[in-house]
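Structure record follows, encoded as structure tokens.
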Amino acid sequence: MSIAAPAFDPVPVRPVRASRFDSSWLLWIAIIAVLLFLVVSPFVYLVITSFQAERTGDFTLSNYATAYGRARYVDALFNSLKLGAASAALAGLFAVPLAWAVARTNMPGRGLTRMLVLATFITPPYTGAVAWILLAGPNAGWLNRFYMMATGAEAGPFNIYSFTGLAVVIALYSFPYIFIFTTAALELVSSEMEDAANILGAGPWRTMRKVTLPLALPAILGGLIICFLEAIALFGSPAMIAIPARFNVVTTQLFQFFGNPVRVEVAAAYAMPLLGVTILLVLVQRLIVRRKGFVALTGKGGERRPILLGRWRWVMFGYAMFVAALAVFLPYIFLVQSAFAKAWGRGFLLDNITFANFRFILFEHATAAQSVINSFVYAGISATVAVFLTLGVAYIVARRLIPFGGVLGFLCVAPFVIPGVVLAIGFYAAYAPPPLALYGTALIMILAFTTRFLPVGYVNASAAINSLNPEMEEAVRVLGGSRMTALRRVVAPLLKRNLLGAWLLIFIPATRELSAAIFLYGPNTKVASVMIFDMSEEGNFERLAALALVLQVLTLPLLYLGQRALGRDFMLRRNAT
Amino acid sequence: MRLGSLALALALAFSPLAARADLNALTEAAKKEGELTWYVAHYTSEGAEDLGRGFTEMYGIKVNVVRTTAQVAYQRLLQDIKNNQTICDVFSSTDLGHYARLKAEGRFDKYVPENTPKISEAFRNFDPDGYFHTTAAGLVVLTYNTAKVKAEDAPKKWEDLLDIKWKGKVSTGHPGFSGYVGTWVLSMKKLYGWQYFDKLEKNKPQIGRSINDTVTALNAGERQVAAGADGSTLFSAARGNPLAVSYPSDGSVLIISPSAIMKGTKHPNAAKLFMEYLYTIEASKINAKHFGIPLRPEVPSPPGAKPISEIKIIRPTVAEVDKGIPEVIEQWRDTFGN
């Protein structure tokens, strides 16, 4: 399909003033076609495939019968729901106190806490899961060993290979969502309301419970829902932890349907509840967040003073550092130990230190180094395509260039309700087989990544476009420039920083995407996340840790770049939009 | 002439002249193709990478080593086939059933390596029709962590793993991933019935994916005894880790792992040359270095491994594996939960 190429090449367009026909129309049509290709068609294919018989393609309900015909498969569905609820609740416990302390109090180390939440945020969940296997393996995990050393007990209390273990690990790496939402909301609560409570005799705690938190409640609920959705859509952490823990969730079960024999049709049917739940909850989330409770009432008028916590501020600080220890300090200490160890279980001995793991990853392994390059190349192309595509759409929508432009905007944010695993199955069903035969190609990975991150691009692009006064473009038009000239010479330069920000916000998560990649990669298009997952198969945690650290270290300069261009913790702030 | 090809020339010096001419022509044609893709479940990742590199050093032909567990490799291959893609050139699984099925579907190119007469007789002519050939062999045995378990306390036969004293201390791989584990599960079922696994479940084994996962679990002290592979365990022990193997009195499970050339391969000559390479002394040496059983009789068995003639061996037939492994995977999932 010819439209697959990024449609936004700035082809020099001659201004044709005489006719009303503006050649930028071609561009709009191309964008529409691309969106149909990226968003609508995989989705339609997914639904159709779920009703197709395997070889003949005839209409059938048997895929649904197979998908829900065994207790084990149905159990996996309920496990996912339970896991989502447990993870979200735990994430709330981690995030809400931190968010309140950072946004509203005089707790020391607020900047540090924000930074540590950012560090959590850029840690891929599967890297966190591996670190926690090292920390809380039932016998050899470091926490258990320290416990046994300290108490002389026979066994330690922690077992990562359990439902609770998995829920904690997922919560630890998804709580930043709630943190982001909640701080954003709390920063809008004016102190006047709290003062009113104080004057009427409420202490700081009561004020928080009765006034501040209820005001932020919609945001907290919104964050909880995002965490829930994140938990049920994750593939990596469940695959690493739930298999030894001996239970299945939807995503690991879906992966089994891709096993022997390959049953894409059954997988499609089995993906439907995940899709349904996600769509439903995203609608609920939007409803809740849109109502915004009463926060918006004060707008930005009110004055905001930090609440003085007195001695309690150190308690809060202790809690923040406790959460940070669980999510950042401990995991990274032991990832680094493992990456430089001959055998991680032997601990911090000098004769256990080696560079061999890094050497193996970077120079000896046939595909590990290539996989990192693949990750960065695919993520780079996807981010570029997504940024320009969504910029185009946001522009169309904001300037009302075509009737029903809003539909395009909707298409751009629609992938948000499609879990990565489900999206991948849709792409697989639509584009892997002939005629397009994109199976195993880099293109199918890039297309899937682009689609997955369209919503991030769109939200940023439309915020940016809306901040532009159309008069500037009109000036171009009045002087005889085409709309394309206006876009190229005025809009794009003005939005440079925003575009870079949006690009990084897509690029960074795309370099670690696993849920979609695991279904779409081919032997020559392996990305780093898949490589890490493969290595976990053999339990090669030393090398795996080395590769995961390489990936993290490569991200740091990008983060620095983003912060230079857009201000400190841009990832956190901008994801709140 | 590079050192590697010199060595090959030496290795071939005693072969009939005609065959040598054939191999020379094959080598030239293979070099033009420049690369091949190898889906491999034999060996550890290191072993597979080492073998691939050995081939590259010898011929300058790049090997894309795709090392996964057997079932994942097969899953990948089936998806390739379903989408009419020939990415894999040489397919090396540890689940014999894969070969029975793929052969029946006509997915392989027939090729009998010229070097076949040079490997140990036991490994020759595995498939009478010449579609797939033994390229690796290994054992599933009892393994244990020597720092935690004394040799006299170590399990001596498979049923010992069911002893309550190993509760929470057993490690295995997963038959849904590993061909070795699948064959082991099938053999245990044959010996003791499925009750064996109902009982094993009560000991709460830690289930990894690859059979090599048991090495990690034992090394880390996460588990103390395991049903593991002799090769990867001894390899790790030789590097100073506290591991040992115990050959079970009721039989070590012998796994013969074949390789085959995929029909429609884009690199037919490189694939053929690679099959020849797997039968060279060099390949056998690399294999022995990683504690695999060398196919060439000239290459001594890895240190610490008992010669296969001194071990009681059990081994399911190809037909049993073909039918049995998919069954035991389902049974396993029902018993162990996933």
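For all residues, glycine too, the Cβ spot is worked out from N, Cα and C.
Look at TrEMBL and you will find A:25-48 (among others) tagged as transmembrane segment. Beyond the transmembrane segment (A:25-48), the same-chain residues lying 6 or more positions past its ends with a Cβ under 8 Å from any Cβ of the stretch are 1, 3-4, 7-8, 268, 271, 275, 389, 392-393, 396, 401-402, 408, 411-412, 414-415, 418, 422-423, 425-427, 429-431, 447, 450-451, 454, 484.
Taken from TrEMBL, the feature domain 'ABC transmembrane type-1' applies to A:77-285 (among others).
What TrEMBL lists as transmembrane segment is A:83-103 (among others). When Cβ-Cβ distances below 8 Å are used as the criterion, the transmembrane segment (A:83-103) is approached by residues 110, 113-114, 117, 163-164, 166-168, 170-172, 174-179, 182-183, 186-187, 208, 212-213, 216, 220, 223-225, 227-232, 238, 249, 309, 316-317, 319-320, 323, 326-327 of the same chain, each at least six residues removed from its ends.
Look at TrEMBL and you will find A:115-138 (among others) tagged as transmembrane segment. A Cβ distance under 8 Å defines the sequence-distant neighbours of the transmembrane segment (A:115-138), meaning residues of its chain 6+ beyond its ends; these are 98, 144, 155-156, 158-161, 165, 168-170, 172-176, 179, 234, 236-237, 240-241, 320, 324, 327-328, 330-332, 334-335, 337-338, 344, 508, 512, 514, 529, 532-533, 536, 541, 544-545, 548, 551-552, 555, 559, 569, 571-572.
Per TrEMBL, the feature transmembrane segment maps to A:158-180 (among others).
Under the heading transmembrane segment, TrEMBL lists A:215-247 (among others). Distant neighbours of the transmembrane segment (A:215-247): 75-76, 79-81, 83-85, 87-89, 91-92, 95-96, 100, 124-126, 128-130, 132-133, 160-163, 165-167, 169-171, 173-175, 177-182, 184-186, 189, 193, 255, 274, 277-278, 281-282, 284-285, 288-289, 291-295, 419-422, 514-515, 518, 529, 533, 536; these residues of the same chain sit at least 6 beyond its ends, with a Cβ under 8 Å from one of its Cβ atoms.
Packing against the transmembrane segment (A:267-284) from elsewhere in the chain are residues 46-47, 49-51, 63-64, 66-68, 73, 77, 80-81, 225, 228-229, 232-233, 250, 253-254, 257-258, 416-419, 421-422, 425-426, 429: each is 6 or more residues past its ends and has a CB under 8 Å from a CB in it. Look at TrEMBL and you will find A:267-284 (among others) tagged as transmembrane segment.
What TrEMBL lists as transmembrane segment is A:314-334 (among others). Sequence-remote contacts of a segment are chain residues at least 6 beyond its ends whose Cβ falls under 8 Å from one of its Cβ atoms, and for the transmembrane segment (A:314-334) they are 94, 97-98, 101-102, 105, 107-109, 113, 116, 119-120, 123, 127-128, 131-132, 134-135, 142-143, 172-173, 175, 344.
Here TrEMBL flags A:372-562 (among others) as domain 'ABC transmembrane type-1'.
Annotation source TrEMBL lists transmembrane segment at A:376-397 (among others). Same-chain residues lying 6 or more positions outside the transmembrane segment (A:376-397) and placing a CB less than 8 Å from one of its CB atoms are 6-8, 27-28, 31, 34-35, 405-406, 408-409, 411-412, 442, 445-446, 449-450, 453-454, 456-458, 460-462, 464-465, 487, 491-492, 495, 499, 502-504, 506-508, 510-511, 513, 525, 527, 554.
Residues or ranges marked as transmembrane segment by TrEMBL: A:404-430 (among others).
The transmembrane segment feature in TrEMBL is assigned to A:436-454 (among others).
What TrEMBL records for A:499-521 (among others) is transmembrane segment.
Here the transmembrane segment (A:541-561) has long-range neighbours at 122-124, 127, 130-131, 133-134, 335-336, 338-344, 357-358, 360-362, 365, 368, 372, 375-376, 500, 504, 507-508, 511-512, 528, 531-532, 535, 571, meaning same-chain residues at least 6 beyond its ends whose C-beta is under 8 angstroms from one of its own. Residues or ranges marked as transmembrane segment in TrEMBL: A:541-561 (among others).
Non-local neighbours of the transmembrane segment (A:158-180) in the same chain are 79, 82-83, 86-96, 98-99, 102, 117-118, 120-121, 123-125, 128-129, 132-133, 135-138, 141, 143-144, 147, 220, 223-224, 226-227, 230-231, 234, 237-238, 241-242, 244-245, 247, 323, 326-327, 572-573, 575-576; each lies 6+ residues outside the stretch with a CB under 8 Å from one of its CB atoms. Sequence-remote contacts of a segment are chain residues at least 6 beyond its ends whose Cβ falls under 8 Å from one of its Cβ atoms, and for the transmembrane segment (A:499-521) they are 122, 124, 126-127, 233-236, 251, 255, 258, 375-376, 378-380, 382-384, 386-387, 390-391, 419-421, 423-425, 427-428, 432, 440, 444-445, 448-449, 452-453, 456-457, 460-461, 464, 492, 527-530, 533, 551, 554-555, 558-559, 561-562, 565-566, 570-571, 574-575.
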